Amino acid sequence: MKILGIDPGSRITGYGVISKEGNRLIHVDNGAIFTDKAKDFPARLERIYRGLAEIIETYRPDAVAVENIFFSNNVQSALKLGQARGAAIVAGVIAGLPVFEYTALQVKQAVVGNGKAAKQQVQQMIKVLLNLPEIAQEDASDALAVAVCHANSSVLSGMLKIMDKVGKTNA
C-alpha cells in the first residue's frame with residue numbers, strides 16, 4: 001500500500017510518500033510545494049492543488065492522509081490553512097483516492113507513542129522509522145508523519161475488522 005501524507009499550509013505544503021509492505025515502512029519521496037506569497041490567494045491554492053495532483057500522478061498512491069487543522073488564535077490564518085487543506089483534499093478526491101484526516105495529536109501518538117511529543121521527537125522518529133539519512137525538511141517530515149500515522153491506523157483498522165469477523169463467527 002502506498003500512502004501520500006500531506007501537511008497543508010498556505011505558504012508551504014509538505015508531502016511525503018511511503019510504501020507499506022507487510023510490517024515494513026519504506027520511504028518513497030518527500031518534499032514541499034512552495035507558493036509565491038506575492039500572488040493572489042486563489043493562485044496559491046491552484047499551485048497547491050496542481051503540485052499535489054502531479055505528485056499523485058507520479059507516485060499513484062492508494063490513499064491520501066491529510067493533517068487536520070490545529071486551533072489558532074488568528075482567524076485569518078486558520079481560514080487560509082483550511083482552504084489549503086481543501087485544495088489538498090480535492091486533489092485526492094479528483095484522483096479517485098480515499099482521503100483520511102488525522103489530528104496532530106493522533107499523528108504524534110501514532111509516530112512517537114505520545115500525543116504531546118515535541119516536533120523534534122516526531123522528526124527524529126520519522127528519520128529512524130523510514131531509515132532516512134537525515135531529518136527531512138520540517139513540512140516534509142510532518143507529511144511523512146501523517147503518512148506513517150495512516151499506515152499504522154490502517155493496520156489497526158484491519159485488525160479490528162478481522163477481530164469483528166472472528167467474534168461474529170464464534171457467536
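Using N, Cα and C of the backbone, Cβ positions are placed for all residues, glycine too.
Listed in Swiss-Prot for this protein:
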- Asp7: active site (ACT_SITE)
- Asp7, Asp139: Mg(2+) 1 binding site (BINDING)
- Glu67: active site (ACT_SITE)
- Glu67: Mg(2+) 2 binding site (BINDING)
- Asp139: active site (ACT_SITE)
C-alpha spacing of Glu67 (active site) relative to Asp7 (active site), in angstrom = 6
Expressed in Å to no decimal places, the gap between the Cα atoms of Asp139 (Mg(2+) 1 binding site) and Glu67 (active site) is 11
Same-chain residues at least 6 apart in sequence whose Cβ lies under 8 Å from Glu67 (active site) | Gly5, Ile6, Asp7, Pro8, Glu101, Tyr102, Thr103, Ala104, Val107, Asp142, Ala143, Val146
